[in-house]
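What follows is a single structure, written as structure tokens, with notes after it.
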């Protein structure tokens with residue numbers, strides 16, 4: 001079944017009724033406060049432990065001694081958090097289970113970073129992912145990548161998760177934002193990455209407990225999970241494979257399974273917040289295992305969110321929404337549902353709000369920490385290498401605190417951006433896609449040069465915002481509100497544009513756009529694929545026109561040998577026919593002439609390189625030869 005053409009209405013609200021929301025009990029407030037107190041306590045513990053003996057490496061990289069399980073849970077919490085908790089159930093409630101097929105992209109979306117990006121980054125002993133860009137291209141490309149990332153992460157704070165939950169629950173906005181900001185900023189600035197990772201672990205547990213409480217109570221009130229499935233099937237909410245290859249259809253199997261891979265790569269492959277966690281692992285193998293461990297957690301998170309959506313749909317078939325609830329913004333549906341089913345159960349509403357605030361804390365703290373890291377390593381240390389360790393630690397903490405104030409301020413004053421799930425992923429698609437393309441251009445194409453990288457990145461950003469802003473402007477230009485296809489009096493929010501509304505309600509009468517309007521209707525899940533491809537194509541063209549890497553040194557450690565890796569999969573007899581042969585050590589390049597991991601942000605000679613914890617020998621024997629052969633192409 002195609003989600004975009006479903007004919008059943010999500011709700012059948014009663015008319016002329018209004019509903020007063022149940023107030024929080026003292027127990028609910030206690031549960032919520034406990035979340036903040038325990039998060040702060042974990043951060044302060046790691047901040048006070050060894051106080052006065054902290055180094056920049058410990059603050060920014062947790063001394064590169066983290067295990068794979070806490071890193072995996074932190075990876076999960078960083079980008080799923082409140083967006084998934086609010087967005088996925090609302091998506092399933094309105095459109096059915098088609099979105100669940102996004103889980104098909106998780107395998108490749110995590111396998112590729114584990115075997116391509118992590119080995120390259122880890123063996124270069126980086127702190128910031130954008131140090132790679134200087135090793136591969138030059139300092140200008142590194143600065144461009146860093147500035148783009150800063151814009152990406154600051155923009156990501158422009159969601160209204162906190163405002164939405166406060167509107168529904170009656171929490172005081174200023175008090176809650178202030179409490180969230182103080183707690184998050186203190187443990188991030190003082191405790192560093194280790195505090196962020198361990199608070200992420202605690203907050204991930206809280207998130208799952210809150211969601212399980214909703215599923216347990218909700219399914220019990222509607223007659224069990226069997227009835228939930230039966231009602232959802234009866235109303236067409238259990239989706240099958242939609243194999244329409246049209247990239248302009250919002251959700252199809254191909255859009256979710258293939259377009260989603262590029263979205264996952266932009267998140268888990270090259271984003272500093274994730275790369276920083278990989279590089280904090282004890283060994284390269286531990287970093288790869290943490291990426292593998294995210295896969296089952298991601299699947300469980302997606303299934304739990306989908307199940308909440310189905311339980312919510314079944315509940316509101318029996319107990320219709322009030323007018324007030326039906327006219328709420330989509331990311332508030334789950335909150336109203338939780339307050340409906342958990343009223344009279346002291347502590348459980350507080351647990352779910354703690355679950356949502358855990359999501360916000362994990363996302364915001366990761367943003368603060370990664371922004372402070374790239375600013376320190378990419379924008380400050382290269383220009384002021386004489387900074388002492390004590391001054392560098394103080395400045396790093398000051399940067400985390402400053403970004404905390406900036407991002408929380410933006411979160412408070414930002415205007416509504418439509419459904420929270422699609423808005424957050426669209427922002428990452430618009431800016432994360434070009435960054436993914438830039439790293440792929442450098443890693444997979446040895447002929448790419450700095451001019452090609454810069455022009456390609458700028459072209460990708462222009463294309464990204466052209467499509468993104470064009471779709472918004474086109475949406476705002478629509479004037480006729482959509483109507484429900486089955487005659488129900490479900491009301492759409494008055495503060496939503498028509499195009500946003502068309503993503504909230506399944507329609508069958510809307511005519512297909514043509515020309516540029518059709519171009520602007522590209523599914524948001526294809527943004528990353530389209531924009532990263534633009535960077536690669538334009539970057540290669542410019543590189544070929546400007547003489548490729550002629551006259552420039554190329555560090556083989558910055559190249560992933562795609563062709564040799566593919567040829568190595570062939571039978572030995574085929575390799576001999578294709579004249580694939582190994583070379584001895586006399587053909588290896590002296591990597592001492594190439595700059596390596598910078599100390600104090602300044603690239604130095606590889607002879608000064610710090611020892612790394614590797615699980616196997618990198619780039620030896622035939623592998624190095626393959627890199628050189630591919631570089632010469």
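Each Cβ is built from the backbone N, Cα and C atoms, and glycine gets one as well.
Long-range Cβ contacts of the transmembrane segment (29-47) within its own chain (Cβ-Cβ under 8 Å, at least 6 residues beyond either end) map to 179-180, 183-184, 186-188, 190-192, 194-196, 198-199, 202-203, 206, 347, 350-351, 353-354, 357-358, 361. Residues or ranges marked as transmembrane segment by TrEMBL: 29-47 (among others).
The transmembrane segment annotation in TrEMBL covers 100-124 (among others).
Per TrEMBL, the feature transmembrane segment maps to 136-154 (among others). Beyond its flanks by at least six residues, the transmembrane segment (136-154) meets 128, 130, 271-273, 367, 370-371, 374-375, 378-379, 382, 403, 406-407, 410, 427-428, 431-432, 434-435, 438, 442-443, 448-450, 453-454, 457, 461, 555, 558-559 of its own chain at Cβ-Cβ distances under 8 Å.
What TrEMBL records for 174-193 (among others) is transmembrane segment. With a threshold of 8 Å between CB atoms, the same-chain residues lying at least 6 positions outside the transmembrane segment (174-193) that come near it are 36, 39-40, 42-47, 54, 58-62, 162, 166, 199, 276-277, 280, 357, 360-361, 364-365, 368-369, 372-373, 396-398, 400-401, 404-405, 408, 411-412.
The transmembrane segment feature in TrEMBL is assigned to 205-232 (among others).
Marked as transmembrane segment by TrEMBL: 252-270 (among others).
Marked as transmembrane segment by TrEMBL: 291-316 (among others).
Per TrEMBL, transmembrane segment is recorded for 351-374 (among others).
The annotation transmembrane segment is assigned in TrEMBL to 395-414 (among others).
According to TrEMBL, the feature transmembrane segment maps to 420-445 (among others).
Look at TrEMBL and you will find 452-473 (among others) tagged as transmembrane segment.
As annotated by TrEMBL, transmembrane segment applies to 524-545 (among others).
Of the two recorded stretches, the transmembrane segment (252-270) does not lie close to the transmembrane segment (351-374), with fewer than three CB pairs under 8 Å once pairs fewer than 6 apart in sequence are set aside. Panel annotation: around the transmembrane segment (351-374), residues 24, 28, 31-32, 34-36, 39, 60, 74, 77-86, 127-128, 130, 146, 149-150, 153-154, 156-157, 161-162, 165, 169, 171, 180, 183-185, 187-189, 192-193, 196, 199-200, 202-204, 206-207, 209-211, 213-214, 271-273, 276, 338, 342, 396-397, 399-400, 403-404, 407-408, 411 of the same chain, lying at least six beyond its termini, place a Cβ under 8 Å from a Cβ of the stretch.
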